[in-house]
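Contents: one structure, followed by commentary.
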Amino acid sequence: MADDHRQPEASSNTAANPYNHPVASEHTLGSLNTTSTSETDASADADARWGERNQGDPVSRRGAMEEFEEMRREVTKLSLHRTRSAKDARRRSRAEGRDEEKALEDEQASSTDEYRGGFDLNEFLMGGHLERRTTAGEPAKKVGVAFKNVTVKGVETGASFVRTLPDAVVGTFGPDLYKIICRFVPALHFGKRPPVRDLLHDFSGAVREGEMMLVLGRPGAGCSTFLKTIANDREAFAGVEGEVSYGGLSAEEQHKHFRGEVNYNQEDDQHFPNLTVWQTLKFSLINKTKKHDKASIPIIIDALLKMFGITHTKNTLVGNEYVRGVSGGERKRVSIAETLATKSSVVCWDNSTRGLDASTALDYAKSLRIMTDVSKRTTLVTLYQAGESIYELMDKVLVIDAGRMLYQGPANEAKQYFVDLGFYCPEQSTTADFLTSLCDPNARQFQPGREASTPKTAEELEAIFKQSEAYKQIWNEVCAYEKLLQDTNQEDTRRFQKTVAQSKSKTVSKKSPYTVSIVRQVAACVQREFWLLWGDKTSLYTKYFIIVSNGLIVSSLFYGESLDTSGAFSRGGALFFSILFLVLQLTELMPAVSGRGIVARHKDYAFYRPSAVAIARVVVDFPAIFCMVVPFTIIVYFMTGLDVEASKFFIYFLFVYTTTFCITSLYRMFAALSPTIDDAVRFAGIALNVLILFVGYVIPKQGLIDGSIWFGWLFYVNPLSYSYEAVLTNEFSNRVMSCAPSQLVPQGPGVDPRYQGCALTGSELGKADVAGSRYLQESFQFTRHHLWRNFGVVIAFTVLYLLVTVIAAEVLSFVGGGGGALVFKKSKRSTKLKAQNGKGNDEEQVQNTGDNAALSRGEAKSSSSGEAMQRLSASDRVFTWSNVEYTVPYGNGTRKLLNGVNGYAKPGLMIALMGASGAGKTTLLNTLAQRQKMGVVTGDMLVDGHPLGTEFQRGTGFCEQMDLHDNTATIREALEFSAILRQDRNTPRQEKLDYVDQIIDLLELEDIQDAIIGSLNVEQKKRVTIGVELAAKPSLLLFLDEPTSGLDSQAAFSIVRFLKKLSQAGQAILCTIHQPSSMLIQQFDMVLALNPGGNTFYFGPIGPEGRDVIKYFADRGVVCPPSKNVAEFILETAAKATKKDGRAIDWNEEWRNSEQNRRILDEIQQIREERSKIPIADKGVEYEFAAPTWTQTVLLTERLFRQYWRDPSYYYGKLFVSVIIGIFNGFTFWMLDNSISSMQNRMFSIFLIILIPPIVLNSIVPKFYINRALWEAREYPSRIYGWFAFCTANVVCEIPMAIVSALIYWLLWYYPVGFPTDSSSAGYVFLMSMLFFLFQASWGQWICAFAPSFTVISNVLPFFFVMVNLFNGIVRPYKDYPVFWKYWMYYVNPVTWWLRGVISSVFPSVDIECASKEATHFDPPPGSTCQQYAGNFVSNIAGVGYLVNPDATEDCQYCPFANGTEYMHTLNVHDGDKWRCFGIFLAFVIINWALVYFFIYTVRVRGWSFGMGYLFGGVGVMIEGVKKVFSKKSEKEQN
C-alpha cells in the first residue's frame, strides 16, 4: 500500500490504451466522426457506420446532413444498443452474438419514437438548439474529467443520543451560541475537534467526453461523495486532496469561472411546487440563454417535454407532498429535464431513476446515452437498481465500497474481473446486482473451493485491484488523455472556453460563471415570483380577503369618531393599528426558508446569484404591497373619519406603504439569518412584539426614555416608532379640537365658561380648544417637523434590512451536506448500541447496522426464523374483487382511474402489482384497502364471499410508499405501539410485547431497536414500516406500496425475500413494485399488470423464469428476448404500440378477450361460491378498534409527551417566548408609581399578554397539523386509534407546558411591574395566566382541526388576532363602540373576560396621585377657592376624582381619578367581575377543547364541510374564468 500514490508506469503507446483509442485522436462514435472535417478513413472502418459511402474522404457538414435522414435510425441503434465504437473489437464481437436481441430491440426503438409523438432526439441535438456546434457539426463544448490520487476527507459522524428538552434549555446558556460563533470563526474553537476520516481513498481515473460511467455501490459506500467531488460540489467535505481536472482546467478554475458547466443532479426532487412544468423549465433556460438566443427557448422546452413524455403535464403544477401536482415519476423527469436545461458539459446523476418504472428508467438511460454520444457530454451515473439493458448502455463502471475503489474500467469487463478473483455470479443476477453484491458480506457468493483465497474486505479488494492490469490501464488512459490535451494544445478546452464565453450576455464578465447579467437574473426571478404568487391563488385570495376584512373591521370600530377632544386618543389608536395590521402576517417566512435548497441547487447550476432572489422579492413587493395597501388605506382612512385633505391622505398612504415594506424586509432578514423556520418564526415574532411595545403608543416616548431604563433605547431603533410619529403628526397638524362637553372641568350649575379647563393633555389654561400639535407634543413628544426625517429613517431601516438579507443570502448556507448518523434514545442498552454504531462510511446517510441485505442472514438462522414465521398470524380467508372501478371529479366532469379490475388474494400468495407511472397501482391499493376519501367506487369486494365488516381495515396491513412514522419514536416503541393497539384486545400485553421481540429479530433490527426513526436510512425505515404492520398481526392481507423504492438492489431483494417468507408462512400479500430485477420478480407468485387508466392487461401466474407471462405475450406475437428481464419486458411491451398483423395491439382489449381472463373470472366466482358456504364463526362483538379507547388515549398521550421531549423546539419555543416577553413586559414597566399614566401602563402591561398568541399559535398549528396529517394518512385508516384518543392526547399534552410557561411569564412580569403582592391578588392573576396559556393552546388546535390546509391557516390566523385584540375595551372604550359591535362582539371575545378579571383584581388597591401634567387646570372665579368653585362638580356631577389643591385660589388642578376602582370603571370593569370573569373565561377554555373534538369528528371523520364548498363555489367559477384568460396569454407566450 505504500505505493498507492505512485503512478504505475504509463505508456504513450496506442496499444496500451484499454479502449484502443489512438492517443492523438478523439474517442468518439463512428457516427459522429462523420461530422468532423478532420476525420480519416480510420474513423469509419469495416463496421460500416456513418460516412460509409465517403469512406476515405473527409466528410463535410453538408454531406453529413444530406445523409442524416437515412443515418439517424442507425445512430439510434448505435446509441441505444451499445455497439457504439467501431474501434472496440471486443464490444463489437459481443454485440454480434446477439443478433436476435438487436433485431427485436430495434423494433422496440422504432416504437419508442412513435410513443414520443414522432420526436427524434438525435435530430434535435444535431440541430444545435441545446448547445453550440462547430461548422463541422461537432459539439463545441467537449470536456473530459481526469482525477488523480483523489482522497476526500469528512468529519467523523458517529452515532449520538437524541437532543431532549433539558439539553436545549441548558444549551441556551452558552453552548449553542458558542457553537454558532465557532461555525463562522473556527479560530475560537477550543478543545478536541471531531476526528476527520477518509470518505474516498486514493481514486484515480478518467471519463472522457462522449463516455458514460456507472458508479456502483451500496448506500453509504461513497457513490454520492464521488459524484459530488467530480461535480466540484465540495462544501460538505472537510477537505479534498489530489487533483481533479476538466479538460486541463483545474477544479479551482472550473468552480470560479465555469461552475455551471459541471453539475450534480441530486436524488431528491426539490422544486417550487406552485410553478407549472413549463414555467420550471422556462425559468431554467432563461438563466442559461443569452438574449440573442432566446428564440430557441420554446424549441428546447418542447423537445425536453417530448423527450421525457411529459408534454401532457406542460401546464400542470409540479407540486410536492402538500401541493397537488404531477406524479412522483413525472416530477423526477422534470428534475432530469431541468438539469439538461443547464446545457452543462459534465453531469453527475445521483440515483435519478428512483420512482421511475423500469420502462421509463430505460427510456431515461437511453436518452442519456444519445445525449452523451451526440453532444459529447461526460456523464457519470449512480443507480441503485440498474437492469441489464441499462447496464449495457454504459462505457465504464466504477465499483466503490467503504470509500475505496474496487474496480474501474470497461463495463463489459467488470463481471469477468471479479469472477476471475473467485466470486460467483448467479445466472439470474444482473451485472449491476452482482457488482453491488460484492460489497455485501451477506449477499456475495464465492466459487466452490475459493472461499478462503478470494479477497473479502474493501481494503483487500482495493489492494488487489491496484496491483492488476486493469489499474495500470487506468493510469495509461489518464496519461494518454493528458498527452492528447498536450499534443492538441488543449484545442477542445480552448474551444470550450471560447464557446462558454460566447454563450454569455455582453454585459457579463467572461470570467463570471453566470450566463446572463445580474439584471436579467433578477428579472427572471421577478417573473418566477409572480408565477409563484399566481400559482398559489388560494393563499393569494385568502390574504387579500383577510386584508380587506381587517380594514373593514378596524374602520368600523372607529367609524364616526368625534372630531373634538373626546376622539383624540381613539384616533391615535386607529392610526396605530392601521400601520400595524398589514405586518401581523408572518407568511413571508415560510417561502423564504423552505426554498433554500432549491436556491442552493440553482446557484450550483449557475442560474443566478442567491442575492438575485432576495432582490427579486423586493421588486415584487412593490406592486404586491401596493395592491394590499390601496384597499386597506382607502377603507380605513375614510371610514374612520381622518382628515380628508388630499396631502394628508397621500402622506398617510406613503407611510403605511413604506412601513409595510420595511417590516416585510425585516421578516425576510430574519428568514435569511435563521437556520430553520421555527427559529425564523420565533425571532420574527419576538421582534414584532418589541416593535409594538416600543412604538410610543403603549408608553409615550418620554416615558420610555426616562422610565424604561433597560430597554428605552429600543424606541430609537424601531422603524414603527418613526412611522407612528409621522402618521400621528400628519393627522393632528393644523387641527384644533374643541373640548368635548364631557371633558370640560368643572361642569354644572353656576359654572362660568371663562373659568373652565379641558381634561386633555395639552390644553391651555382658560381655553376650551386644544391644538393638535400641542396635544402630541405634551402627550407623545411628537412634532411634525420630523415628518420627512422619519420617512428617511424608515427608508434607511428598509435598506439596512435588505442589505443584511442580500449579504446573508450570498454568505450563509444552512443547506445540509448529507444525512447524519444514527441517533439513539438515552438508556443503558442504547449506550452500548451507540458504541457499536459509531462508524460510517460516507457523508451520506450511512448503513450503520441492520445493513442492506441483513435479512439474507436468514440462512444462518433459518431454523429459528422459520419457526417464528410459522407463529405469524396466518389466515385461510380469501379476499376477492371484481369489476372494481373508481371515478373522481375532474374539471367539469369526471375521470375514471380504475376500469373493471378483477383479482383475488389467497393466503400464501404474493402478488406483484406492476404498471407504468400513473397507471393506477397506488389507487388500486387504496381502493382495495378502503382508504379512498373522495370519488365513487363501484364493484364487489368480498372476504370469503361476504361483504367487508367493520374490522376489515384492522385486519389488513398497509405499508405506505412514503414511510410515515412519528420520527421521534424509537423502532421498538413504534412496533410496541402498533402491537398493543392493533392486536386483539383479549391478547395479554406481555404476549404482544414478546411478539414484537420476534418481529425485531426477524427484521434484523436488534442492534438499532433504540434508534430514533428520524435518523434511519431509507432501507431501515422501510423495514420499520413493514415491522409496524406485521406487529399488528394482520389476519387477512398485507398491502405494500413500493416497498423497494429508493433502495439498492441488495436491499430491495432482502425486503422482497422477507416478504416471500411471510407469504410462505401463510400471509396474503399484494405489493406494488417499480423496477424489479429478474431475481426479484421470481420471488412473486402472480403479477397484476395495469396500463394507464387503471386497465388490466395481465393477471396471472409468473411461472418459473417467467414462462407463463412470456407465453401469454408470445401467443400474441411478441417474443421476449433471451435473458431479458421479464418485468421490464412486460412494462416495455405494454407501453409501446406494438404492431401485430399491421395493426396496433390494444393490450387492455387483448386481456379482456383472453382465455386467461375468463379463467380468472371463473376462479373468482368459484372462490365466492365455495367460501360463502363456510359458516362464519361467531366472533362476538366486532370492534372498529382493537384496543379500548382508554388504552388508545394513554399510549398516544405517552407517545406525544415523548415526541415533545425529544423534539425540544416546540416546548422550548414556548418557554423562550414566555421568558422573553415576560422580561420585556416586566422590566419595561418596572415598579410603576400611582400616577394616571402608570395606571394606563398597568392596563397595557396586562394587555400585552395578547402579544404571545401570534408567536405561540404559529408553533402550535404546525405541530398539531403534522400529527393530524400522520393520523389521517396512516394511523386512522389502519384503525390504530380513534378521533377521541387523538383529541384527548393532544389536549392533555398541552397542559403541563401551559402551566410551566404561565408560571415563568407570571413571575417575570407580575412582580417587577409592582402589582399587589397579597396572595389573593397574586394567586388569582397566576390562575388567570395559566388559563390564558391553556386557552391559546386549545385555540390554535381547533382552528387547525377545522381549516382545510396549512396555507389557509397561516392566512386566517391574523384575522383572529385582530378580532381579539380590538374588541376587548382597551384599544377603544366600550362606551364608544358602534352599535353593530357593542352588544355581541365585545361579549363573545374571550380576551375581554380575561382582561376584566385581571384588572378587577389588581386595580382597586391603587390610590392614584396625579402628576401635574395629568391634572386638568382651571382658574376659579376671583375670591373663590378651588373647593368652593368645583367641589360640587367633583362630589356630585363627576362623582370621581379629587382636587389636588382644594384651598388654592388659582390654577386649580383636578385629578379625574382618585383610585384604581374609578379608573377601571372607565374600562367597563366592575367591582364584582373578578370571579365571574374567571368562570366565563374558564368556560371559553372548555369550549375551545370541545371544538377540537367537534371539528376533528365532524370535518376529519365525517367529512362535513359546513357549507364551505358552496361558499367558495362562486369564487371558483370566477377563478376559472380568469385562468382561461391568462392561459390563453400563456399559450401565446409559449408559442
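The backbone N, Cα and C atoms fix where each Cβ goes, glycine too.
What Swiss-Prot lists as region 'Disordered' is 1-115 (among others).
According to Swiss-Prot, the feature N-linked glycosylation site maps to Asn33 (among others), an assignment based on sequence analysis.
The compositional bias 'Basic and acidic residues' annotation in Swiss-Prot covers 46-76.
Among the features that Swiss-Prot reports, compositional bias 'Basic residues' is placed at 79-93.
In the three-state DSSP assignment, the secondary structure recorded for Asn149 (N-linked glycosylation site) is strand. Residues or ranges marked as N-linked glycosylation site in Swiss-Prot (evidence: sequence analysis): Asn149 (among others).
According to Swiss-Prot, the N-linked glycosylation site annotation covers Asn274 (among others), on the basis of sequence analysis. Secondary structure at Asn274 (N-linked glycosylation site), taken from DSSP and collapsed to helix, strand or coil, is coil.
DSSP classifies Asn287 (N-linked glycosylation site) as coil under the three-state reduction. Marked as N-linked glycosylation site by Swiss-Prot on the basis of sequence analysis: Asn287 (among others).
The N-linked glycosylation site feature in Swiss-Prot is assigned to Asn351 (among others); the stated evidence is sequence analysis. Counting every protein chain shown, the Cβ of Asn351 (N-linked glycosylation site) has 21 other Cβ atoms within 10 Å. The DSSP secondary structure for Asn351 (N-linked glycosylation site) is coil.
The transmembrane segment annotation in Swiss-Prot covers 540-560 (among others).
Summarising the annotation, Swiss-Prot assigns transmembrane segment to 573-593 (among others).
Nonlocal intrachain contacts for the transmembrane segment (646-666), taken as residues 6+ away from its ends with a CB within less than 8 angstroms of a stretch CB, comprise 578-579, 582-583, 588, 618, 621-622, 625-626, 628-630, 632-633, 637, 684, 687-688, 691, 719-720, 723, 726-727, 730-731, 787, 791, 794-795, 797-798, 801-802, 805. Residues or ranges marked as transmembrane segment in Swiss-Prot (evidence: sequence analysis): 646-666 (among others).
According to Swiss-Prot, the transmembrane segment annotation covers 680-700 (among others), on the basis of sequence analysis. Long-range contacts of the transmembrane segment (680-700) within the same chain: residues 572-573, 576, 580, 583-584, 586, 589, 592-593, 663, 666-667, 670-671, 673-674, 707-708, 711-712, 714-715, 718-721, 724-725, 779-782, 1213, 1216-1217, 1220-1221, 1224-1225, 1228-1229, 1237, 1241, 1244, 1248, 1251, 1254-1255, 1258-1259, each at least 6 residues beyond the stretch ends and with a Cβ under 8 Å from a Cβ of the stretch.
If you look up Swiss-Prot, you'll see 703-723 (among others) marked as transmembrane segment.
Residues annotated as transmembrane segment in Swiss-Prot, with sequence analysis given as evidence: 791-811 (among others).
Per Swiss-Prot, the feature region 'Disordered' maps to 834-868 (among others).
Swiss-Prot lists Asn892 (among others) with the feature N-linked glycosylation site, giving sequence analysis as the kind of evidence. In this structure, Asn892 (N-linked glycosylation site) belongs to neither helix nor strand by DSSP; it is coil.
Under the DSSP three-state reduction, Thr922 (ATP binding site) is assigned to helix. Counted over residue pairs 6 or more apart, the CB atoms of the transmembrane segment (540-560) and the transmembrane segment (1342-1362) come under 8 Å in at least three pairs, which marks the two as touching.
With all protein chains in the displayed structure included, the most crowded Cβ environment within 10 Å among the glycosylation sites Asn274, Asn892, Asn1459 is that of Asn274.
Across the structure, Asn149 (N-linked glycosylation site) and Ala916 (ATP binding site) are spaced 43 Å apart at their Cα atoms.
Looking only at the recorded positions Asn274, Gly915, Ala916, Ser917, Thr922, the one with its C-alpha closest to Asn1459 (N-linked glycosylation site) is Asn274. Of the recorded residues, Asn287 (N-linked glycosylation site) and Ser917 (ATP binding site) place their C-alpha atoms 31 Å from one another. Taking the Cα of Gly915 (ATP binding site) as the reference point, the closest of the glycosylation sites Asn274, Asn351, Asn892 is Asn351.
Long-range contacts of the transmembrane segment (1477-1497) within the same chain: residues 1268, 1283-1284, 1286-1287, 1290-1291, 1324, 1327-1328, 1331-1332, 1334-1335, 1338-1339, 1341-1342, 1345-1346, 1390, 1393-1394, 1396-1397, 1400, each at least 6 residues beyond the stretch ends and with a Cβ under 8 Å from a Cβ of the stretch. Of all the Cβ atoms in the protein chains shown, 25 others lie within 10 Å of the Cβ of Gly920 (ATP binding site).
Cα distances from Lys921 (ATP binding site) to the glycosylation sites Asn274, Asn351, Asn892 are smallest for Asn351. For the pair Gly918 (ATP binding site) and Asn351 (N-linked glycosylation site), the Cα-Cα distance reads 20 Å.
The stretch in closest packing with the transmembrane segment (1212-1232), judged by the count of Cβ pairs under 8 Å and taken from 573-593, 703-723, 791-811, 1320-1340, 1342-1362, is 703-723. Most other Cβ atoms within 10 A: among the binding-site residues Ala916, Ala919, that distinction falls to Ala919.
Cβ crowding, taken as the number of other Cβ atoms within 10 Å, peaks at Gly915 among the binding-site residues Gly915, Gly918. Each residue in Asp357, Thr923, Leu1090, Pro1092 lies on the same chain as Gly915, Ala916, Ser917, Gly918, Ala919, Gly920, Lys921, Thr922 and has a C-beta within 8 Å of the C-beta centroid of that ATP site, without being one of the site residues.
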